[in-house]
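Working notes for the structure below.
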Amino acid sequence: MKLYIKLVSASIRSRMQYKMNFIFSMVSYGVIMMIDFVLLAAILNRFGQIKGWNIYEVGILYAISSISLSLYRTLAPELHEFEKYIIEGEFDSLLIRPVSPLVLLLSKNLDLSRIGGILQGILILCLSLYGLSQEQELIYIAAYLPVILVCGCAISYSLALFTATLAFWTQRIKDFQTFTLYAPFNAANYPMNIYPGWLKMIFFTVIPVAFINYVPMLYLLQKGGSLYFLLLPIFVAALFFYVSLKFWNYGIQFYHSTGT
Amino acid sequence: MIEAHQLRKCFKIYKSKKGTLGSMLSLFSGEYEEKNAVDSISFKINEGEFVGYIGPNGAGKSTTIKMLSGILHPTSGKVTVLGIDPQKHRKKLAQRIGIVFGQRTQLWWDLPVKDSFEILKHMYKIEDRAYQKFLKHYDDLLDIGQFLHTPVRKLSLGQRMRADLAAAMIHNPPVLFLDEPTIGLDIVAKHKIRDFLQEMNKAEKKTVILTTHDMDDIEQLCSRVIVINQGRKILDGTLEKLRTHIGLPSILTVTYEYLPKPNELEGIERAECTGRKCTIVYDRSKISSPVLLREISKWGTPLDIQMTEPDIEEVIQNIY
Amino acid sequence: MVYWLLFRKSFSRNMQYRLSHLINNAASAIFGFVYIAIWSAVLTGKEQNSPFSIMDMTFYMGASQCILWMTVFLTAGLGIQLGVRNGSISLELARPTNYFFYITSQEAGRIGYNALFRSLPIGLIFTITVGFYIPAHLPTYGYTLLSVLLAVGISLNIFYLIGISSCWTTEISWAHFINLTLMFSLGGQMVPLTFLPGPLSLVAEWLPFAGVVYYPVMIFLEKASLSVLLIQAGWFLVLLLLNQWITFLARQKIEIQGG
């Protein structure tokens, strides 16, 4: 842990040389994501609700999904850009250390500009909770949110790890990321019950984004969930993290570094 | 101490490499060629040896080093380094070996050298006292003190290489793997690094494996040479053995003031003169450069002398 | 013709990656399905209050996912900023070709490629799964083609404008982001402009962003009058002239600096 802090602070120090750029990108990430939600709000404002979910409830789903993804993008930008390590053969330099390459990747960089996305999520979350506070008790939601967010971040990290592992065979992973991260997380911004069966199947199994927000919120917003729905995200996150880690450790032996 | 037995690394070269789906599909269709980058190589290296691991580009030098250090998994065969299986206990081994890749720094690009060292200190869990000793010791040997507070990106290539070497020694490993540590350096920088490596091997009894393209590196440093070509070991022995096997022809080009009068001389393989210009091919094991220079100045008054070192690529090709 | 050559070269350069792009197409279709699902959920039982039926909206989302690849997902700044950073722009400006057409014809090659290997496959996926609109009137095909061409023209000009601005600002990534956001939101990719709140919708309909996604799709769906082609053509001309003028300024600036 001490090593992690040491490494991370080193990376921040080296990034801080480009301050203006940092502020600009932080603001623009936040604004872009915000506008997306404003459009959704415009629709819902006109049509009332979406399959039984009102604007505030969708807002909570939306916020959890985008905070989870932004947390992952803030903490693990190097895993997200993993293909460059494979293409340029830089992965070598992670493998010669007495520390796991995943820890080194995590500590190599923090993408603080993604905090814009987190702030935007928190803003939407607060607005939504405020809107809901007229109707129902929110103490349980607020108390359980940290757990949900940690699980959400873990699930997105696991998905990203799984995708990154593919690079040991395919070198490039950008196209897969659209498939395994961007599209599913965009879908998870909205309640799962609006999707056709086959899409739901995907989001409940192979790309389990439904557990990030939809499943626990079914119970917390009293939409017909049971109490154990609260435990499912923890279980799914742990399972997927374990599977991804196994896959990564399996894939690593297929790494063929580009010879110098 | 370092043992490789029937080591083989086979790369699959897929027919279609372009694009994600392309490589995916060819992965499933199984259409690929197999190429042995390293093919049944065995050797045993004892404590305190300084081994030159040489061969032309693409011969499998780096691939071997990467298998020894646990970066790559061999297709078949067995490796042990310091009694450790590098693939199974990579992290444990990393604590006991030092690696330098000449082409690529392992320091933090934007940070001062000292910060990189401090990160490594934590990574390798080094005590404060040992760390202070390290800084002092390597300032003596490599003069790292003068650029300790400079960001790595602002260092010259020679300084960067010294910093990289020091970084590889921070945990005082008994074994060193050096992949072309002198590549691209000027003569002075090369000298500094050679002296340092000699010191490491002689005084601190470190076992070193060095890959290089530079024949001078090998002559001055290596007690033993392993030559590989196209993944196969073709020679393993002392420097003398390499010499007798291939000879080390060097080339001297001399321009004289007037038409020269060449003489036969022991050690000169060939001397061709066209006009005032002579190209002399000689064997350094039979005649030393100063002696040769003295002799050829008897042929006439030299205006310009150029010495061409034997090219390792050519040398290796000569073995076949 | 040199521009046609540049177009073809750029087209075939992209051909190398067509297989990996097909994977991406599947993901692109999923984005479309998500939007279709949202709209069908929202519109269920409320179709009579809406100018779009669920079917209309399905067609709209399908068509807009296709056109995005021709007008929105272009190269950031058309790559001009790279030339500015490494100085090669002064060489390119000095060539006997028109710099604007030199840059845009290369991007147009990429767009042509996208039309065949991204828009078309994505359209096919929608055709098979949820259906794709087939205009009843023959002239519609001609008008759609014209509208799409104008959309491409507007978009090329906007991206060029952002790219060439790097002569003064050096950093354009934020401008690129803002532009993408505007194209997504005011272009009508997720929400047809009529659904935007009153005043915003009115303003949006007169902005160039509407000409990039919304109008071509609406013409294709036969839901817009042909007068929108005039709005598109107007913006195209204005931006084109603006860019010629700015290229002129950029040339002056670089010639003075470079001397």
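Each Cβ is built from the backbone N, Cα and C atoms, and glycine gets one as well.
So that you can see what the record holds, here are the features copied from TrEMBL:
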| type | residues | note |
| --- | --- | --- |
| TRANSMEM | C:21-42 | transmembrane segment |
| TRANSMEM | C:62-84 | transmembrane segment |
| TRANSMEM | C:115-134 | transmembrane segment |
| TRANSMEM | C:140-162 | transmembrane segment |
| TRANSMEM | C:174-196 | transmembrane segment |
| TRANSMEM | C:202-221 | transmembrane segment |
| TRANSMEM | C:228-246 | transmembrane segment |
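Counted over residue pairs 6 or more apart, the CB atoms of the transmembrane segment (C:202-221) and the transmembrane segment (C:62-84) come under 8 Å in at least three pairs, which marks the two as touching. In summary, the transmembrane segment (C:62-84) does not lie against the transmembrane segment (C:228-246): fewer than three C-beta pairs, each 6 or more positions apart in sequence, are under 8 Å. The stretches the transmembrane segment (C:228-246) and the transmembrane segment (C:21-42) are not in mutual contact, being linked by fewer than three Cβ pairs under 8 Å (pairs 6 or more apart in sequence). Put simply, of C:21-42, C:115-134, C:140-162, the stretch with the most CB pairs closer than 8 A to the transmembrane segment (C:174-196) is C:140-162.
Listed by sequence, the residues of this chain that lie at least six past the ends of the transmembrane segment (C:115-134) yet keep a Cβ under 8 A from its Cβ atoms are 14-15, 18, 21-22, 24-26, 28-29, 32-33, 36, 55, 58-59, 62-63, 65-67, 69-70, 220-221.
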